[in-house]
Amino acid sequence: MVAKAVATYTNVVRDYILLTKPGIVMLVLITALTGMYLAKRGFPDSWLIFWSLLGTGLASAGSAVLNQFFDRDIDAVMSRTKNRPIPSGSVSSVNALLFGVILLTLSLYIMLAFVNPVATFFTVMASFFYVVVYTLALKRRSPLATEIGGISGALPPVIGYTSVTGQFGIEPLILFLIMFVWQPPHFWVLAVKYAEDYRKAGVPTLPVVKGIFQTKVRTLLYTAALFPISLLPTLYGITGKIYFFTAFALSLVYLILTLRFFFSKSSRGMSLFFYSIIYLALLFSVMVFDMVR
Ligand code: HEM
Ligand SMILES: CC(C)=CCC/C(C)=C/CC/C(C)=C/COP(=O)(O)OP(=O)(O)O
């Protein structure tokens with residue numbers, strides 16, 4: 001009896017955690033923390049790190065929950081997403097909506113009470129772009145949703161930076177730019193693989209609207225553009241040689257893997273998709289290492 005209750009409880013907790021897209025939250029936090037180190041050129045105050053990352057993490061989690069609330073009809077149609085907590089019935093839509101609103105409210109309170117108004121503004125903008133601009137306004141209407149939705153995903157380093165400084169600056173724009181250019185190719189590899197799924201669900205992703213070849217061309221162009229952009233932190237004097245050579249090697253491998261995807265007849269590029277995640281995590285971690293050493 002007790003064992004059964006514990007198992008049910010564990011499943012409920014697991015479903016709510018899944019709803020927050022924890023893998024994405026983790027990477028968002030790494031990039032936000034990098035923004036904080038950039039502002040300080042060293043170790044930021046531990047309590048500030050704690051509150052700022054908590055506020056940013058809750059915003060990312062809450063936005064992901066609301067994204068799945070509003071997308072529950074299309075998620076139910078696609079094979080990749082039909083087992084998510086809402087379409088599978090393990091979390092009700094009302095509870096998901098409530099959960100998302102609670103997470104975003106907590107985030108707003110924490111950012112305002114323990115961080116500062118400028119960082120709060122960018123956190124609200126990140127959630128607004130993910131939930132309202134990307135999910136509600138664009139995702140079902142235009143393939144441009146991917147690029148414009150990228151504004152949300154590129155804001156965490158700006159949130160981190162402004163959490164420390166209380167004012168905007170040019171430097172976090174470099175990290176914003178890296179993330180902004182990184183996101184479309186990160187997604188298009190999956191969009192190619194699941195083109196039929198997206199077509200069935202009526203989501204006009206780039207492969208659905210322009211075809212696989214055009215998407216592969218743009219994936220290659222974005223990854224090529226990412227190469228010089230990833231080197232900007234050193235060219236701008238933020239980081240040193242260690243970052244430069246690591247970024248060079250990581251970007252070169254990214255370009256080679258993308259070229260392989262481009263010339264391959266297959267539409268499966270899962271190794272490239274996983275590499276995109278490892279790429280960003282390593283790039284930002286090495287940036288921090290090179291700033292504090
Ligand atoms: C235009 C913006 C973006 C789009 C369209 C996008 C799309 C996606 C999709 C469709 C998946 C697969 C999810 C699944 O299998 O359920 C995914 C996974 C992932 N994304 Fe993105 N993403 C974007 C931005 C970001 C950003 C900004 C980050 C973090 C900084 C990120 C980090 C990840 C990670 C870590 C995964 C793998 C873990 C997981 O599936 O939960 N993505 N992304
Ligand atoms: C601080 C804060 C709010 C950070 C959020 C940053 C973030 C991860 C933004 C990415 C947003 C985005 C357009 C995801 C798209 O995938 P989707 O949700 O359409 O993917 P799916 O098809 O798997 O549902």
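The backbone N, Cα and C atoms fix where each Cβ goes, glycine too.
What TrEMBL annotates here:
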type	residues	note
TRANSMEM	16-37	transmembrane segment
TRANSMEM	49-70	transmembrane segment
TRANSMEM	91-112	transmembrane segment
TRANSMEM	118-137	transmembrane segment
TRANSMEM	144-161	transmembrane segment
TRANSMEM	173-192	transmembrane segment
TRANSMEM	219-236	transmembrane segment
TRANSMEM	242-263	transmembrane segment
TRANSMEM	272-292	transmembrane segment
Cβ-based contact of the transmembrane segment (16-37) with the transmembrane segment (144-161), 3 or more pairs under 8 Å: yes
Same-chain residue ranges lying at least 6 outside the transmembrane segment (49-70) that approach it to Cβ under 8 Å: 19-22, 24-25, 28-29, 32-33, 36, 84-86, 93, 96-97, 99-104, 106-107, 110-111, 114-115, 119-120, 123-124, 126-127, 130-131, 134-136, 152, 156, 159-160, 163
Distal contacts, the transmembrane segment (91-112) - CB-CB under 8 A, six or more residues away: 15-16, 19-20, 51-52, 54-56, 58-59, 61-63, 65-66, 68-69, 72, 85, 119-120, 123-124, 127
